[in-house]
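Feature annotations, reproduced from Swiss-Prot:
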BINDING   84, 147  4-aminobutanoate binding site
COMPBIAS  401-413  compositional bias 'Pro residues'
DISULFID  156-170  disulfide bond
REGION    392-415  region 'Disordered'
SIGNAL    1-19  signal peptide
TOPO_DOM  20-243  topological domain 'Extracellular'
TOPO_DOM  265-270  topological domain 'Cytoplasmic'
TOPO_DOM  291-304  topological domain 'Extracellular'
TOPO_DOM  326-424  topological domain 'Cytoplasmic'
TOPO_DOM  446-465  topological domain 'Extracellular'
TRANSMEM  244-264  transmembrane segment
TRANSMEM  271-290  transmembrane segment
TRANSMEM  305-325  transmembrane segment
TRANSMEM  425-445  transmembrane segment
């Protein structure tokens, strides 16, 4: 019996406890509802906190969930962020069983919020899937935390003088649209070093390295007052790998190929012509393709200078062959004219020696006839040694012929031109020297660009708004 009574008492206690918890939960919800109703009773969301009195301070910080891509052609970048704002509204102080009221986005439209806008933003999107991505909390002392998830497409002015060894500081500027400095000021909630967070996994870019970010604040003046502008600079350094593979290496190889023609025989005109024209066309194609990924700027970039010098080397190699061919033909023509003059002179000399030869032949014939007559007179006499000598002399009398003229010397052919010999040394040395100077200058240079718009630009923007 006693055991039964004990079990009944335990059951009653458990039932009371469960009933008390349910009543307590309902009571808690009712208390929160009363607190919210009391906070909104007489609340005017058209007036900022401290209207007509103290300045409203809005503390901000940014958490970047995704950075990129960066467009060089459009000079803009895109990022996905959690944009947090914190301020104090004395009208929303409360007391009760909880220290923080964690509310959804429906409460946002019922209270005052800062009119923050991004000054250099081209397009900003507030995410609404599956519900508006907004976080709203109210602390007992009236401090409000308001967080939004945004995708921001912002302008990033770039000066591409050092492209592709360039670096850029892409700004993100924001501030109040309508409230001047006398009513709203912005500050960094966690200080200048930790107010903007960019995790390593959020900054994986194809053509850039995000090397860091800095923050600053400034005050600009306009006809409607002074406004506080908060700025975040994202420091981007361009990666060289793509351009080394697609532009620089082909240009260097094309220049080297153009210099191979210096080692080809100067008489091989078709081969050297093909080398020259092919390399010039290749450089033209490379220069056109290099500009496809760039905006149409009016100044020359570092890559433009490199391509221009490579094009000059290739074109100079073609001009060098034209000079070699010209001087070779000129030398050949001179040799042929010299040979022709020598042949004409030899022919003239040959013609001048013909009468003398005829005279010699006639004298020889007369002597021979005289000797024949002498021999015939003495033929009847007794033969003496002297007669036999005269007879032998007569038998040896023959016509004398002049030697033929020497043929003209042929024009010189073959050999290596002195221009080719000098070019084999000067062209490679000059190109190697250019590369040494080019890479030392640009790789050791601080190419990070900063763009600071003037107050006049900001003033005109605000007046247009």
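Using N, Cα and C of the backbone, Cβ positions are placed for all residues, glycine too.
Shown here: features listed in Swiss-Prot, placed on the structure.
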residue: 84; record: 4-aminobutanoate binding site; DSSP (3 states): strand
residue: 147; record: 4-aminobutanoate binding site; DSSP (3 states): strand
residue: 156; record: disulfide bond; DSSP (3 states): coil
residue: 170; record: disulfide bond; DSSP (3 states): strand
Fewest other C-beta atoms within 10 angstroms, as judged across 156, 170, which are the disulfide-bonded residues: 156
Neighbour tally for residue 84 (4-aminobutanoate binding site), based on other Cβ positions within 10 Å of its Cβ: 18
Local confidence of the prediction over the topological domain 'Extracellular' (20-243), expressed as mean pLDDT: 91
Chain-internal residues, separated by at least six, CB under 8 A from residue 147 (4-aminobutanoate binding site): 82, 83, 84, 85, 134, 135, 136
The topological domain 'Extracellular' (291-304), counted residue by residue under DSSP: helix, strand, coil: 3 helix, 0 strand, 11 coil
Three-state composition of the topological domain 'Cytoplasmic' (265-270), taking helix and strand from DSSP: 2 helix, 0 strand, 4 coil
Non-local residues, at least 6 beyond the ends, that sit with Cβ under 8 Å of the topological domain 'Extracellular' (291-304): 72-75, 160-166, 243, 247-248, 442
